[in-house]
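Features reported for this protein in TrEMBL:
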- 69-151: domain 'GHMP kinase N-terminal' (DOMAIN)
- Pro98, Leu99, Ala100, Arg101, Gly102, Leu103, Gly104, Ser105, Ser106, Ala107, Ala108: ATP binding site (BINDING)
- 213-277: domain 'GHMP kinase C-terminal' (DOMAIN)
Amino acid sequence: MTQAPLPQVGRTATFTVRAPASSANLGPGFDSLGLSLPLYTTLRVTPQASTEVVPLGHGLSSTPANESNYVYQAMLLAARRAGRPLPPARIEIESEVPLARGLGSSAAALIAGIVAGNELLGRPLDHAAVLDVAAREEGHPDNVAPALFGGIVVATLDKLGTHYVRLDPPAHLGVTVLVPDFELSTSKARAVLPREYSRADAVHALSHAALLAAALSVGRLDLLRHAMQDYIHQVWRAPLVPGLSDILESAHEHGALGAALSGAGPTVLCFHDTRSDTGRLHTYLHGVMTRSGLTGQVMDLPIDLAGTVVACPVEA
Ligand SMILES: Nc1ncnc2c1ncn2[C@@H]1O[C@H](COP(=O)(O)OP(=O)(O)O)[C@@H](O)[C@H]1O
Ligand SMILES: N[C@@H](CCOP(=O)(O)O)C(=O)O
């Protein structure tokens with residue numbers, strides 16, 4: 001995370017907060033592994049005498065232009081953790097992150113809001129506290145941690161707090177996402193999961209998540225396909241995401257290093273080697289969409305390294 005220098009008593013002039021999208025789980029790392037992607041939610045915050053919440057652009061037309069907005073509620077969380085009232089401000093919100101697609105739009109809004117609230121208050125919360133407030137609110141740290149720190153993050157949340165390790169992505173690791181044109185709320189996609197798992201499923205999940213984290217940390221791209229196997233969530237969510245089973249089974253035959261449902265879906269993530277052409281993978285993913293009766297976008301993206309960035313526009 002990058003922060004512009006702070007005046008002594010919080011911010012009195014306009015500042016911006018930019019938080020990235022994220023892809024959580026990466027297969028078996030359910031609720032614990034995620035990476036940051038360069039699509040951004042940006043807040044422009046101007047301290048003034050009263051509060052105004054202004055969502056901008058078509059993508060946010062369904063979000064409220066008042067204090068019930070999730071971004072403003074996130075700002076209040078920072079104030080509550082700091083034990084201080086939130087100073088009033090005009091908050092303009094823009095987002096490139098499509099809502100309810102499994103790309104962490106809610107995590108980007110949450111992190112951006114908490115960081116903006118913290119700035120208005122004079123930064124009483126350190127990075128660990130910002131992460132902890134966000135992880136507790138979201139209920140899992142796998143989107144909010146990469147949204148805050150960038151890169152690839154392995155994180156845990158329990159009653160002792162939120163703990164994490166941030167990894168720089170291995171060389172030559174690129175991401176291709178298939179983003180369908182339909183929404184799937186995270187709460188709906190969590191509701192289909194079983195409450196209990198067998199010991200065999202637990203051992204499968206923890207061994208593959210551990211292998212995946214180790215492979216990502218030492219750059220063993222050859223292990224990704226095997227390590228990304230998962231029976232904790234994808235199999236249950238597959239009926240909600242047409243084409244997912246096909247991609248999990250066959251994407252490696254079309255140039256993917258591994259594939260997973262992105263977060264709770266419906267976006268699907270494939271890893272690719274940035275030294276190879278992804279044309280074959282794109283053709284395959286478009287074919288899956290056509291066969292599944294879907295429309296959507298296929299995009300190659302690098303992994304975002306910066307995480308959340310606070311800046312002061314020159315004119316401020
Ligand atoms: N920039 C934003 N401003 C306000 N609310 C937002 C914003 N981004 C996301 N949200 C809220 O989060 C919801 C989507 O969250 P969720 O179902 O968890 O999906 P996602 O996978 O995109 O995080 C939206 O319907 C909206 O209520
Ligand atoms: N681990 C969570 C991740 C949800 O991510 P989102 O981007 O869909 O909000 C889950 O799988 O439910």
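Think of each number as a place in line: the chain as shown, counted from 1.
Cβ coordinates are placed from backbone N, Cα and C, and glycine is handled just like the others.
Feature annotations (TrEMBL) mapped to structure.
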| residue | record | Cβ contacts under 8 Å, 6 or more apart |
| --- | --- | --- |
| Pro98 | ATP binding site | Leu39, Gly59, Ser105, Val179 |
| Ala100 | ATP binding site | Glu183, Leu184, Ser185, Thr186 |
| Gly102 | ATP binding site | Ser23, Ala24, Leu184, Thr186, Ala189, Leu261, Ser262, Gly263, Ala264, Gly265, Pro266, Thr267 |
| Gly104 | ATP binding site | Ala21, Ser22, Ser23, Ala24, Gly34, Val97, Asn143, Pro146, Ala147, Gly263 |
| Ser106 | ATP binding site | Tyr70, Glu138, Asn143, Thr186 |
| Ala108 | ATP binding site | Ala19, Pro20, Ala21, Ser22, Tyr40, Thr41, Ser95, Val97, Ala147 |
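The ATP site is set by Pro98, Leu99, Ala100, Arg101, Gly102, Leu103, Gly104, Ser105, Ser106, Ala107, Ala108; from the centre of their CB atoms, other residues of the chain with a CB within 8 Å are Ala21, Val97, Gly263. When averaged over the domain 'GHMP kinase N-terminal' (69-151), pLDDT in the model lands at 98. Among the binding-site residues Pro98, Ala100, Gly102, Gly104, Ala108, residues whose Cβ is positioned under 6 Å from ligand 2 are identified as Gly102, Gly104. Checking the binding-site residues Pro98, Ala100, Gly102, Gly104, Ser106 against ligand 1, the ones whose Cβ sits under 6 Å from it are Ala100, Gly102, Gly104, Ser106.
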